[in-house]
Amino acid sequence: MWRSVKAARASLSSKALLRNLCGAQNQNPIFPSFESLNPISHPIFSSRSSYVCKQPRFFSQISATPSDSDHNLSEPTENGFVSAEAEQASVVFGENDGAQVNDVSIEDGFDGVYDQSHENIVEDNGEEMEEEEQEVHEIDLEKLENLLSLLQSSPDGSLESSLDDMGLTLHEEFVIRVLETPLVLGENLIRFLRWGLKEEPELKVTARVVDALVLAICSNLKKKEAYYLWDLIKEIGEKEIEGVLNVESLNVLIAQFSKLGKGKAALEVFDKFGEFGCVANGDTYYFTIEALCRRSMFDSACLVSQKMIDAEILPDGEKVGKIISWFCKGSKAKDAHLVYILAKERKLYPPRSSVNFLIGSLCREDQTVKLALEMLDDFDGEARKYGIKPFSAVIRGLCRMKDVEEAKNLLLKMIREGPPPGNAVFNSVINGYAKAGDMEKAMEMIRTMESRGLKPDVYTYTVIMSGYANGGQMDEACKILSEAKKKHSKLSPVTYHTLIRGFCKLEEFDKALKLMSEMEDFGVQATVDEYQKLIQSLCLKALDWETAEKLLEEMKEKGLHLNGITRGLIKAVKELNEEVLGTGQMITEA
């Protein structure tokens, strides 16, 4: 700002000099008081306007502790002049000015300070002021008002010709004022700027102009205007004007295409970043992936995501969580897992709900269950304490892929470290062992379950009975049924269905019928499935159409309807039996 002020000498009386220095504002308002000498707040230092008004910058800092010379300076001598010590007094400028006024003399007069300092101001800053004045453009308010009135009207084919007749002088500030005016139709703004670039060669497209245009158009979501804007931006980008297009404006455009559901258009903007000399940031990838996922273009979204991973650029944790959720909904759990791994390396933490969703999605496929298992190691503290849902999903996935031992190990780890497993987790492991036919380990898990204060529920007993029944161990299955009856007053239809099916396989139909009759005693109503299974077994294996007919009549009384195929089976077995009897009787008579 101020480079230097040459030393000046003042031929004033000590009283006059003191009055100027101490700020007798009512006599000479140019000079502030000591208390008001603030280089920031005082008008003298506030702007360049001080140059034009010829107000000299004054001392921004004066020694707080007056020296002996200062005391001598404040006392007049007999002849009205300051003492000799005052001639050596120094007043120091503040840090911003970095200049000093030394050896103030009574011979030259204080006016010399004003004239010389002003001369230096003009000399040091004249060139800068001239450049700034050249950049200032006046705005014709009348023409601006007429133009805005035109642009706020409905668009028609005569807009360009009307602009030609207005005699406008376009420059950046004028264009910015137009673009920042509310209630102007977006299509008209684009046509106005196109016209200006064509008719005014001196009008330069700057980053300010592009930013203002993008914000003006994107403030109202209209598909047609968004495409018009994109066409204009492509034309600007093809001119290869460095620094005109920036990431922020392009991100806004991608986000608008996303809201409009135009995934292909958003991807086109993304693909132009390199050509425009822009480097994509985290929001660029986020908005592009969002736009593609909204249109279920998950394959394209995964390609963009892979570029994001290769560049090691991610948005914030909240947006990472949304990307993970979108991929999981699109059955792209493996791609979502890659995003999660990078976020973990960069110490970005997606919402816990997104992580749980990812674990559940990985557990749906046998090939990715182990990835979900590894993610559980990232759970600690509160996340682990309340993480029963993802842990349960992993155990179910392991059991489904018949890796029951690994599921058991995870269950035992949950017992040691949390989250504490409930009946559902134990039932998954018990069911896994039962399906594998390893009933000894299944019963061992029941004992472990009971040791933790948990009671086997109806599902637990049903799973065990199913395991025994599948192995033909119906006596053991019946023992489990007896135990279940003691602990639960109401059983499940599946419980009886399992045993009835087992007895039918062994062709022990009497026992199956006995179970059918006692179901109601334990609050269970036989379903069509139980009746159908038993009727089919009676007809095909025992050829007992009479019992089958009795069951059919029982179904009718209960309002149950047997399908036509099974009805036909009863009739066929009955006819076959009568035919056999008739043939046998004929043979006997013969």
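Note: Cβ is positioned from N, Cα and C throughout, glycine not excepted.
A TrEMBL annotation is a machine prediction, not a hand-curated record.
The following features are taken from TrEMBL:
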- 246-280: repeat 'PPR' (REPEAT)
- 387-421: repeat 'PPR' (REPEAT)
- 422-456: repeat 'PPR' (REPEAT)
- 457-491: repeat 'PPR' (REPEAT)
- 492-526: repeat 'PPR' (REPEAT)
- 527-562: repeat 'PPR' (REPEAT)
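If you take every residue in the repeat 'PPR' (527-562) and average the pLDDT, you get 88. Remark: secondary structure over the repeat 'PPR' (527-562) totals 28 helix, 0 strand, 8 coil, with classes taken from DSSP.
Sequence-distant contacts of the repeat 'PPR' (527-562), counting only residues of its own chain at least 6 positions beyond either end whose CB sits under 8 Å from a CB of the stretch, comprise 493, 496-497, 500-501, 504, 507, 509, 512-513, 516, 519, 569-570, 572-574, 576-577.
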